[in-house]
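Contents: one structure, followed by commentary.
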Amino acid sequence: MAVPMTLTLVNLCFIAQNSALLFHGDNNPGQATTIGPLGKDVTLSLLVNDFLDLKARVISQENEIQILKNQKVSEDNVTAGTVNKLMSGYVDIKAAFGLIKQEFDRNNNQTGLQALKARQDNMAQSIRYLTLSLQGHEMHDEETNRTIYHEIGQLNSKLVNENHVLNEEILNLTNRVSAEFNALLTTHEAKLATLGSEIAKQKTKLNNLNNTLLMFHIGDIKIRLAGGDSNSGRVEILYLGQWGTVCDDDFDGNDAKVVCRMLGKATCEKSQCRSIGYRKRPPVNIKMDSISDLLEDIVKECGGLGKFQAILLVIMFGTKVTVTWSMLMMTFGGATPDWWCNMHNVTSSSDQNKMSNFSTMQLLKQCAPPANISGSCDSRSYSSDMNTLVSEFELICDKDWIASTITTIQMAGLLISSPIAGQMADSLGRKPAFFLSLLVLTVCNLIAAFSVSWEMFAACRFLIGFGCGMYLTTFYSFMQEFVPTRWRSMTAAVPGWAIFAALYGLFSWWLHDWEYLHYATAIVTAPFLLGIFILPESFRWLVSNNKVADAEKVIKHIAKINGRETPKSCIDRLNNIVKTEDLTTKVKTHTLIDVLKSRDLLKKSFFLWTSWMACGYAYYAISFGVEQLSGSIYLNMFLLSIVEIPATLLTWWLNNCIGRRWTCFLFFVIATVGGALVGTVQVMDPPDAAEIINVAALIAKMGVSAGWASLITFTTESYPTVVRNIGYGWANSSARIGAMIAPQIVHVSKHTPGVMYYICSGCMLVSAVFCLLLPETKGKALENMIAKKTGSKSGNGGTDNDQSKKYEVYDLEKY
C-alpha cells in the first residue's frame, strides 16, 4: 500500500516542477519566449484541452485519494503521512497551474508553444505512469480487501453463533418471566377477588352504620358539659334517649374546638380545649364509650356487688379447698417420718476390743449400720405419728428421690393443662372448663387413695395436677367477669387459699394419714359440683362470641336475683352496637398466636409469665421445704399458711390505693429480703439460726403469697376477654415450670444449705422489676377485644376497625 502511493506522490511532484518551468525556461525563468509556428489560437486550444483533461484526472485522483483516506483512516502513521504528502503535491500542482495561466498571458511566442507541447507530452507520460501506479495500488487494495472480507466473514459467522445462543437465552428468559407473571397475575386476581368481597362487606357495614347514625345529624345532636362549669367539664352526648360520656380515647384539642362551637362558643382558648379533654394521640373521630365500658355499666345496673355476686363468691371460694388441698398434698404426703433400721443378733465391738452381743438393735434414720457394728437392716419401722407415702412405699435411702419426683410430676400436669384449659375456656366457655376441673379433681383424689404402688400414685398425681391447672386457669376469669371494677381486686385479696392451707395443716395433724386426706379432699369437693346448676355462663364471654341472646338471658337472671329491674337501656345499647358493628358475622377463634402477634400483649406476656414462673418456684420451694424449719411440721405448715391471710387482705386495700404494679413490687421486695436473710443464716449457721430462719421464712412466704395474689389480679386485667384465659393459662403454665423445679432444689438444699432461698430471693427481685415495666390497670374497664392502634393497617391491607367494638359519631369537625 505504501509504495504505489509514494510513487504517485513523486510523479505529482514532477508534474508540478515541469509546470513551473513551462513558460520560464530552464536557465532564465523570467525571460519571455516567442510563439511557435502552430499559432496562438491553436496552441492555446490544445493547451486548454490538455489542461482540462489534466484537471479532470486530478479531480478523479482527488476523489480516489479521499476514498482511500476514508477507507484507510485506521492505517499506521506511515500511510497517513503518505496521504498527507500526496495532498501536498496536489496543492503544488494547483499552484503550478496558476503559474501556467499567468505565464500564458505574458508569453505568446512559437518557442514557448513547442516547449509547452514537449512539456505536455512529458505530463501525459507522467499521468500514464500515475495511472499505472494507481492500478497497482488498486490491485493491492483488492488483495487487502479480500483479506478483510475473509476476516469479516469469520466475524459474521461468529456473530451468527453468538446471536443464536443469545436468542435461546432470551427465549428461556421470556418463558420464565411469562410463567412468573402468570402466577403473579393469578395471585393478584385472587387477592382482588377477596378484596372485592371485603369491600362489599364493608359497604354493607357502612350502610348499616349510616342507617344507625341518621339521628346524628348536626341539627339533632345534643351535647353538654357535666361536672364542671360553662367552659370545662365532662363531655356528654344524648344517645338513644340517654346521656352518655364521650370516651377520651383519641380526643384532643381539635375535638374540643368542635365541642366548643357546638356549645355556641365562637372561640375556644387553649386552656379550655385542654380542660375538655386533651390527648397526645391524633383524633380521627369522637368515640363514645366502648363495649367494654358498656358491659361494666351492665354489671352496675344489675346491682353491682349484689346477692348474685355473693352466691358466686361463696361457691367459687368454697371450691378453693379442693385445689388448695390437692396442690399441697405432697407437703404432708411426701414428708419423711422418723424411722428406724431394725437389726437382729447384732455384734458390736468397743474401743477396748470388747465384743457385745445384742438380740435386737434399732438405728434412727440410718440406711446402713456403723462400721463397728456387724449385721444389716432386717426391716424398717416408722413412727406412728404420721402415715405418708414415704412410710407406705418405703421411699427412703436409695429411693429418697421418688417423693420429690412425684411432686414434679404433679406440677407437670399443671404445666400441660393450663394452656389447654385456657384455650378451652375461651372457645367453649368459662363454665364448662371450670366445673370439668372440679370433676377431675374429685375422681382422681378418690382413685389416688386406693394406690397400691408409688407408680400408680404418681400417675394419679399427674391427673390431679392436670385438674388443678384447669381450675386455676379458669377460676379468676370466671369470677371477675361478674364483679364490678372496684371489687375485682377483692376477689384475689380474699385469703381463701391461705385459710384452706391452714386448715390443711390442722386436718393433717388430725388425720395424719395420706389416704384419709385424699378421701377428705374428694368428699368436700363433691357438693360444689352442684354449682353447675346455679352459676350461669359469663355474659362477657357470650357477648365476645356473638351469643347476644344468651347474654341477655344471663343479664336478666343476675338482675332478678339482685332484686333489680332488667337494664333495658343497656340491653338496647348492646343490641344497637351489635347491629352497628355487625357482630353477627362469623366468630374468630382466638389462639396463642393472636397474643404473640400483638406487640403490646407479647410484651405484657413476657413480663407477666416470667414473674409467674418466679412466684411458682418461690412459693412451692418454701412450702415443700417446710421440713427444713425447726419445730413441729404440723405447726410450721399452719404458720406458713396463716401468715398469708393478713398479707393477702392487705393487698385489697393497696391495690385500690397505690395500684396493682406497686403492690406487686412492694411484696416482692419483702420476699427478696426474707429469702436472702434465710439463705445467709443457713450458710453462716449462727447459734440462734433456727429461730431466725423460721421468722425470715415466714416473712418470705408472706411476701411471695401477697405479691402473687396481686399479680393474679394484674394478669387477668391485662388481657382482653377473647384471650384472657389463654394468657392466664400460659401464665399458670409458667408458674408450674418454677413449681416443677422447686422440689428438686429442695432436695438439693438438704445437702447444700442456702441455695434454695438464695434462688428464691433472686426470682423475687426479677419479678419486682418486671412489674414496674407493665402498664397500670387500676380502675380500667376489662377490655373485650384485642386493641389495635387507630388507623393501623391490617393484614388484608385495610384498616382494622375491631378496636374494642366502639360506636362512633364520624367527622363532626366537617360540620
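Just so you know, the numbers here start at 1 and follow the chain as drawn.
Heads up, the Cβ atoms here are built off N, Cα and C, so glycines get one too.
TrEMBL: automatically predicted annotations, no manual curation.
As annotated by TrEMBL, signal peptide applies to 1-20.
Summarising the annotation, TrEMBL assigns coiled coil to 156-212.
According to TrEMBL, the domain 'SRCR' annotation covers 223-264.
Here TrEMBL flags 311-779 as domain 'Major facilitator superfamily (MFS) profile'.
With a cut-off of 8 Å between Cβ atoms, the residues of this chain six or more beyond the transmembrane segment (433-450) that come close are 319, 322-323, 326, 421, 424-425, 457, 460-461, 463-464, 466-471, 473-475, 478, 515-516, 518-519, 521-522, 525-526, 528-529, 531-532, 725. Taken from TrEMBL, the feature transmembrane segment covers 433-450 (among others).
TrEMBL lists 456-478 (among others) with the feature transmembrane segment.
Distant neighbours of the transmembrane segment (490-510): 313, 317, 320-321, 324-325, 328, 332, 386, 476, 479-480, 483, 517, 520, 634-635, 637-638, 640-645, 648-652, 655, 705, 709-710, 712-713; these residues of the same chain sit at least 6 beyond its ends, with a Cβ under 8 Å from one of its Cβ atoms. Annotation source TrEMBL lists transmembrane segment at 490-510 (among others).
If you look up TrEMBL, you'll see 516-535 (among others) marked as transmembrane segment.
Feature annotation from TrEMBL assigns transmembrane segment to 606-626 (among others).
If one looks beyond the transmembrane segment (632-653) by at least 6 residues along the same chain, the residues whose Cβ comes under 8 Å of a Cβ in the stretch are 331-332, 335, 489-490, 492-495, 497-499, 501-502, 504-506, 508-509, 622-623, 626, 663, 667, 694, 697-698, 701-703, 705-706, 709-710. The transmembrane segment annotation in TrEMBL covers 632-653 (among others).
Taken from TrEMBL, the feature transmembrane segment applies to 665-684 (among others). Sequence-distant contacts of the transmembrane segment (665-684) (same chain, six or more residues past either end, CB-CB distance under 8 Å): 618, 647, 651, 654, 658, 692-693, 696-704, 706-707, 710, 753-758, 760-762, 764-765, 767-768, 771-772.
According to TrEMBL, the transmembrane segment annotation covers 755-775 (among others). Through the fold, the transmembrane segment (755-775) approaches residues 604, 607-608, 610-611, 613-615, 617-618, 621-622, 625, 661-662, 664-665, 668-669, 671-676, 678-679, 682, 697, 700, 703-704, 707, 711, 714, 718, 738, 745-746, 748-749 of its own chain, all at least 6 residues removed from its boundaries and within a Cβ separation under 8 Å.
Residues or ranges marked as region 'Disordered' by TrEMBL: 789-815.
What TrEMBL records for 802-815 is compositional bias 'Basic and acidic residues'.
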TODO: Take the transmembrane segment (456-478) and find every residue of the same chain, 6 or more past its ends, with a Cβ under 8 Å from one of its Cβ atoms.
DONE: 316, 319-320, 322-323, 326-327, 329-330, 389, 393, 405-407, 409-418, 420-422, 424-425, 430-431, 433-434, 436-438, 440-441, 444-445, 447-448, 491-492, 538, 712-713, 716, 724-725, 728-729, 732-733, 736
